[in-house]
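> One structure follows; several queries about it will come next.
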Amino acid sequence: MYIETVRGKIKPEEFGVCACHEHLHIDLSRIKNDSDTALVEVALVLSDLKSFVSHGGQAIVDVTNDGMGRDVEKLVVMSEALDLHIVASTGCYKDPFIPEEKQMWTREQFAEWMIDEIMYGISGTTVKPGVIGEIGSSLNEFKPVELELFYGAIEAAKTTKLPLSTHTTLGTLAMEQIRLFDSESLPLDQVIIGHQDLNDDDEQVLKVLSTGAYVALDTIGKENYRSDEARLNSLLLFLEKGYEDQLLLSSDVTRTSHLLVHGGQGYDVVLRSFIPKLRAKGADEATIQKLLVKNPQKAFSIKKEG
């Protein structure tokens, strides 16, 4: 087993304290028509990441894929500058962010393209993705192209053994995504269901956890969607129910205004703010070690020989 980073394969135990769902170079302004959604200045991002590292951060999974402003060469620069493990992604996001030339693709075309990136490198580079993600569904529905994308991603995951990380719009369709994976016999411990801290129905999230999939509470610090206090209470319930081995944490920085220098939560919000609150509520160090280190180490391990 190994984890594929932008600087090559590492042993899972080398991964360390991990943010499971972030964006270090992202540009959604083509669709959103908002310059704040173009987070592309390496110096600014590096400055913010220094605080993540100073709070103990050692690894980041960048789930920016084709159509989202992915630039893996810049990820390599950041990784080298801070000696930070960074995992890059293959795949596409959701409609309408899927690139125009891929809008009519079939599942077979999506699968073939992703497998090619995984085997040979992304966009003409030697950088290989370590995760398929973030693969997304729309609010309460799968658009036709999203279904083709999901089936293609499933085939790529089955063929290459890479983990598959999803986007659920505002937390919706998590169980529907699970059913898709189940129908295609993709092992659910190879799957990370995203944005479940945006789902305020704890019973629904517990149902997802009961399937054995990993669940990401990955928009921590985005209090315009939901308060971190509410996220904390949900997490405590999931821990109480015995799911400490399946939970992952992150903050999903996607805008320039999310950076500390602009008054945002920063990449360090989980380590700087959320974890101390979790400790104060009684979580022990063994549990925190699982959330930050052991669970990401398992979730992003590729279960084959390097």
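Every residue gets a Cβ built from N, Cα and C, even glycine.
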> Among Glu134, Glu146, indicate the single residue that TrEMBL lists for the divalent metal cation 1 site containing His21, His23, Asp252.
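TrEMBL lists His21, His23, Asp252 binding divalent metal cation 1, and from Glu134, Glu146 it also lists Glu134.
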> Taking the binding-site residues one at a time (Glu134, Asp252), which has its Cβ surrounded by the most other Cβ atoms within 10 Å?
Glu134
> I'd like to know which of the binding-site residues His21, His23, His167, His195 has the most other Cβ atoms within 10 Å of its Cβ.
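Neighbour-count leader: His21.
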